[in-house]
Each structure stands twice: as C-alpha cells, then as structure tokens.
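Take a look at the structure below.
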Amino acid sequence: MKKLMVSIQGITDLILMGFHQKIEMDIRPNQTIYINNLNEKIKKDELKKSLYAIFSQFGQILDIVALKTLKMRGQAFVIFKDINSANSALRSMQGFPFYDKPMRIQYSRKDSDLVAKMKGTFVERPKRKKEEEPEIKKKKKTPASQRQNAAPAPQTPAMAQVPQINPATTAPSQPPSAPAGPTTIPEQPPNQILFLTNLPEETNEMMLSMLFNQFPGFKEVRLVPGRHDIAFVEFENEVQSAAAKEALQGFKITPTNAMKISFAKK
C-alpha cells in the first residue's frame, strides 16, 4: 500500500513538473518581465523606485508599471530596452528577498503598450463604456442641483495647492554644504565604511541594502537623521568595501541622481 502511494505521488510530481515546464516554454522571452508575490503594504511610488534601484543594474529601463488595484496588488511589470537585459534580470533576481518576500519573475505574455508602439504593433484597446457611463451620469446629476453653490468652491482649493511648490524654492539653502564635502572625501585612505552622497530624497535603508548586500562582507546601512542625501555603508574589511565602491560608483538610483561613493574618514 505504501509503495502504491509513493508511486502515485511520484507520478503526480512528474505531471506537475511537466505542466510548469510547458507554461515556461509557452511564454517566450520578452523585454518586459512580470513580477508577483510583492509586499502589498508598500506604497506604489516607493515600490517603483525600489524596483528601479535593483533592476537598473541589468540594463536601461523604459518603464515600471505597478498598480494598487485589487487585481494588480503585489504585482509589477519592468520594461527593459532589450531582451538580454530582461533575461539577466530574470535569472539573477528570481527568488530575491524583496521587502521580506521572495520575488517570482517570468516573462510577460504580451508586449507592453510602450514596446508595441516602438515596434509599430500597438493596437488601441476598446474603452469600457459600461464602467464609464455610470460615472458620467452621476456627474451630470450633481452639478445640475448644486451649480450655484458649488461654483465658487473649486477656486479656493486650486489656490491652496500653489504654496506646496514653495518648499522647493527654499531647498537651495541647505545644498551648499553638501557639495563641499565630496570634493575632499575622495582623498581619504581606504576604509571598511563607505560614504554615499548625492542620494535622492526617496532613498531609504531597504533600497540601499538591496544594492549593497550583493557584495561579500556587507554588514549594514546607516542613514543620517535629517539628511536624505547622504548615508554610510559598512563592510567587514577595506578590500570588500573597495570592491563595492568601484562597482556602484555613479550608479543611478533615479534617472537624475548618480550616487557618489568615497571612503569615510577614519
């Protein structure tokens, strides 16, 4: 009886293996990769920036699509410029622990709209009228009864949003101190601790850890309270920190921010 159960289990496993292999064979290599099993608690903007940070090492990324709808939670698409980059990303990052969950990656079954437009094969999808009509009807009913009372209201929120841009104009008061540091720090002797500068505002500990933990000897990332543009990364010894420094020097965490790395002062 036990032998029979074992043989049945073995046959079942073989069938399942063949089924999964068939699925993988049916999906042809694509410059767009589909990722699921992502942490659903991560905000969309942070998720996209973190995905860019870890996948841009494999090649130029054209776009990252991540939606927070019920059907698309925990999923994302990374669109590379070429298929070779997508191949490398799929092989290297399969099962990578991303926000405490292993990523599951496969090729996208279809070209993204962006790629289809580049190839000249894009076909516009028909609009879903059934879902749009109820919203239009609701909008027509409410303005009819409240036009007189609601008309002046939109003007004040619009004006209230303008001051939000002002902090950007005050930001230049701090940066003058940052450029002065990196000019002298590269002359420091080798150190097991690296000093990072020119980091974008969105940088967080998880993002930097995912970049540096691929190098041997990585220990930890330390952020500086009140400063988003600098951080420290510690390795076990100077040789290991030097290897990471050379490999990630100038790495773009975002398209406009090239990371600058130097040895920290002893």
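Any Cβ shown, glycine's included, is placed from N, Cα and C.
If you look up TrEMBL, you'll see 119-136 marked as compositional bias 'Basic and acidic residues'.
Per TrEMBL, compositional bias 'Low complexity' is recorded for 146-172.
Here the domain 'RRM' (31-110) has, by DSSP, the following mix of helix, strand and coil residues: 26 helix, 23 strand, 31 coil. Per TrEMBL, domain 'RRM' is recorded for 31-110 (among others).
Annotated domain 'RRM' per TrEMBL: 192-266 (among others), in sequence order.
If you look up TrEMBL, you'll see 119-190 marked as region 'Disordered'.
For the domain 'RRM' (192-266), residue counts in helix, strand and coil come to 19 helix, 30 strand, 26 coil, using DSSP.
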